[in-house]
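As annotated by Swiss-Prot, topological domain 'Cytoplasmic' applies to 1-45, 557-637, with the evidence given as sequence analysis. The phosphothreonine annotation in Swiss-Prot covers 20, 588. Per Swiss-Prot, the feature phosphoserine maps to 22, 573, 582, 598, 600. What Swiss-Prot lists as transmembrane segment is 46-66, 74-93, 117-137, 215-233, 242-259, 295-312, 324-345, 378-397, 425-443, 459-479, 500-519, 538-556, and the listing cites sequence analysis. Summarising the annotation, Swiss-Prot assigns topological domain 'Extracellular' to 138-214. Taken from Swiss-Prot, the feature N-linked glycosylation site covers 182. Marked as phosphotyrosine by Swiss-Prot on the basis of a large-scale study or a structure entry: 591.
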């Protein structure tokens, strides 16, 4: 038996050993797949890239607002519970898939080709998000350049873009010591700068007539794409070095903003508003749903970024440890960002003489209107404004690197012989194509299109993708087999906590989110603008398209097989004959592609019923693996 074990470990994994003679010629395998694919130059590259990917703009402009509107400090209870039930397990699952296979979001579905449509849906979603996400980075660049002046351009009224409604709110009273007659009808200089100068939204007649291209935004968008391209030019080799700055420097700026914020008069008022617990909110299902949504989107599960980054790891990288570092670090960063934001909002509310809830907003309104207005009230306002927008720039770029690397990796893994030698050129073509598709976002009505993309591109479709991935891995491939793969990779099997979450808790939570998003569906809007019916239909179709790619992929997989429908489904759900670790030295145990006493090699099949799946196939290799394990135990006694 020892000779048999040595033969298994010594035997090279070649295409001849992975298929029957009848199969040869039908399958083209890249045996040295990982040799020329590349890896991170260091373990810290991967960790910082994951932190940069997860810690993004949403941590600054979404989490604080969600927290204070859903019970303040009490919101942290469902937030951390959902992190444990949904966030950490799904994060670890996606990292495990990528690292074990060294494959991108498309090729990883060798694990079960029937579900390859889920990988295609990931690419569609991440592609749409990347188009509008870089437009947000372009807005940040615009404000960053505007901060390089002695006086911020949104500090005063009297500019050509201002209207008679513009009012410089310097306190609860006007210059004559009397309250304005109709404070609600006035507009701050920062709001008019954003809507009338940056967006020039008054030049649009709606989403159907977006107006002319704003060339200043067009150039900022071009610069954003040039920066992204240069940083991903050499794949993870280059982006992995850039994140040493872009993933760490935001924390320095956040710390500076936090220290400055808490020293302002009225800061404690804002912090109290942010964190004062209101436990009666926990009785509302909406609060729990909001917590789950925040976890789901902030960790970036389902976009393929985590899977892609992990695919460049060495086979034994400790992603279990990395999972907890990144997920808990992301949560702590969100909480700290809330302190930095609400301390300044508290100061702002005291200066204006209005309640905190009248100055608190979420999303672009916070980043491009409220916070810039607060900056004008500080000494050295251009300096603090520059720091704030530089922080947003680095936060946004990290996520954008992941989006583009996901697309490039997925396609090059599908066509390695054609695209991998020209990966830089292919990356450039992707950036050019997305820049051209994003030009509509630089028009007068571009914000309408951005809102539509933001509302629908990664909504219910993303939840369906993650549910499908979770069920395909745990129910079809098999939870026991998946845990065995992780044991081969990390040296231990996931415990009951992870198994229970993967099998029941995480899919159930995601299903609840999906049902909630459908039941509570509300049409898109931007300010007072209501989107026309055709735009709503377009958005819904956008979300449905990613969902439909899953059954479409199933249909293609089934049509490629032979036999009855049930036989086709069985065959399509089997792992591909070359599924497993990409490097020969890591293909041990059940992945050693020879069978004891066999004259001719056979494909490596998976005993799915024994390992938790729904199909059953012969696999003598598992019996050999069991015998080897038993002999090892006897030798240790």
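The backbone N, Cα and C atoms fix where each Cβ goes, glycine too.
Proximity of the transmembrane segment (295-312) to the transmembrane segment (46-66) is established through 3 or more Cβ-Cβ distances under 8 Å for residue pairs spaced 6 or more apart. Annotation for the modified residues 573, 582, 588: lowest Cβ count within 10 Å of the residue's own Cβ, 588. Contact between the transmembrane segment (117-137) and the transmembrane segment (459-479) is present: at least three CB pairs lie under 8 Å, with pairs separated by 6 or more positions in sequence. Between the transmembrane segment (378-397) and the transmembrane segment (46-66) there are 3 or more Cβ pairs closer than 8 Å, counting only residues 6 or more apart in sequence, so the two stretches are in contact. A coil conformation is recorded for residue 588 (phosphothreonine) in the three-state DSSP classification, outside any helix or strand. Just so you know, the Cβ of the residue listed as 'phosphotyrosine' picks up 18 other Cβ atoms within 10 Å once every protein chain is counted. Remote same-chain partners of the transmembrane segment (46-66), defined as residues 6 or more beyond its termini with a Cβ less than 8 Å from a stretch Cβ, comprise 40, 75, 136, 236, 239-240, 243-244, 246-248, 250, 274, 290-291, 294, 297-300, 305-306, 309-310, 312-313, 317, 322, 325-327, 329-330, 333-335, 337-338, 341-342, 360-364, 366-367, 391-392, 395-396, 398-399, 401-402.
According to its DSSP assignment, residue 582 (phosphoserine) is coil. Candidate modified residues: 582, 588, 591. Nearest to residue 573 (phosphoserine) by Cα distance: 591. Through the fold, the transmembrane segment (324-345) approaches residues 47, 50-51, 54-55, 59-60, 63-64, 67-68, 76, 79-80, 83, 87-88, 91, 251, 254, 257-258, 261-262, 264, 267-268, 270-271, 273-275, 294, 298-299, 356, 359-360, 366, 370-371, 374 of its own chain, all at least 6 residues removed from its boundaries and within a Cβ separation under 8 Å. Under the three-state DSSP scheme, residue 573 (phosphoserine) falls in the helix class. Between the CA atoms of residue 588 (phosphothreonine) and residue 582 (phosphoserine) there is a gap of 11 Å. The CA atom of residue 582 (phosphoserine) is located 11 Å away from the CA atom of residue 591 (phosphotyrosine).
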